[in-house]
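What Swiss-Prot records for this protein:
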COILED    62-136  coiled coil
REGION    160-184  region 'Disordered'
COMPBIAS  170-182  compositional bias 'Polar residues'
MOD_RES   SER213  phosphoserine
MOD_RES   SER217  phosphoserine
COILED    248-297  coiled coil
MOD_RES   SER284  phosphoserine
REGION    310-363  region 'Disordered'
COMPBIAS  319-329  compositional bias 'Low complexity'
MOD_RES   SER329  phosphoserine
COMPBIAS  349-363  compositional bias 'Polar residues'
Amino acid sequence: MNGSPTPKRYSSKSSRLYDDYYNIPYQYSNPTPMNRDYNDVGSRINADKLVPEEYKRNTEFINKAVQQNKELNFKLREKQNEIFELKKIAETLRSKLEKYVDITKKLEDQNLNLQIKISDLEKKLSDANSTFKEMRFPKVKDPMVDDDPVSENYDQINVPKHRAPDATGNPRTTNKVSNTSDQDSRLKAIERTLSVLTNYVMRSEDGNNDRMSPLPSPLNTISPINNRLNFQEPKRYNPTVKVNPSDDDIMMYESAELKRVEEEIEELKRKILVRKKHDLRKLSLNNQLQELQSMMDGDDNIKLDNVSKHNHATHRHSSQSSRDYSPSSDACLECSNDLYEKNRVKPENNMSETFATPTPNNR
């Protein structure tokens, strides 16, 4: 027998495990469910068995075709973008090609014109040289050569009396050499001046063309006449003058030209804007002047009408006293002016009256 004061507290059935706690069926096993087509999760078991092989193959083929279609669409977009960029580049190159073709045509025409001018100038130069030689050295008949050299008349030779002892040369030959040297130097100087003149003429005719290269001229090695003709244009950086200019040079030149043109356009726009502002200001001032003139003309007309209608002879005011001729009185301006003129007294009389002694009336 239990001697505990509370025996039921520790011997109740509620705290005791029930008998079949460890005898739960299927606790440590995995039995097959009742519906054999589905598993524990609820998905079908061996669902592919119901689908035929043809359908499987068709789905695989369709999936592959869809994937290939996506890849081909992506490649097609890339190719289209490349074609678009290439078209842009081709358009720019075509425009540049047309521009360069026009430039080459112009340069060819200029070159042809220059060649024609050069040929004409060369002809003129040759004619001028021939005429100068004819004028400078007229044709003289060749003297007859005698077989006997002793027959020459040596009495006509002017031999200097005081000759140097070592001077063994012939004075006639020395005179000829000096004359020929002087003539050659003069001819060279004339040819140089003619070349300078031709270059100056060509430069003056083609000075408006910026693309033409300046012709070489020997202006620094000639007499002061050529220094007077030393008209050199300011040099500009023009890569088209080169034989084979690079694309960078051409682009730099074009950008500089565009910048210069844009600056000129901005300057012209600014001038036009200032001119417009001045015109608008002038118009507004003219309008104000006309309005003021019209207002002045209207006021003058109103005053003339009032003067013609007003009769001062019959006009009476509330204040007819002689002292009430101030502008603040009820009298009109004309009447107040009349009163002022009537009652005005000279300053001499006023002063005499003020300092005079009063006299009684009954004297």
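Just so you know, the numbers here start at 1 and follow the chain as drawn.
Every residue, even glycine, has its Cβ placed from backbone N, Cα and C.
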Count of other CB atoms lying within 10 Å of the CB belonging to SER284 (phosphoserine): 10
Reported mean pLDDT - the coiled coil (62-136): 91
For SER284 (phosphoserine): DSSP state (helix, strand, coil): helix
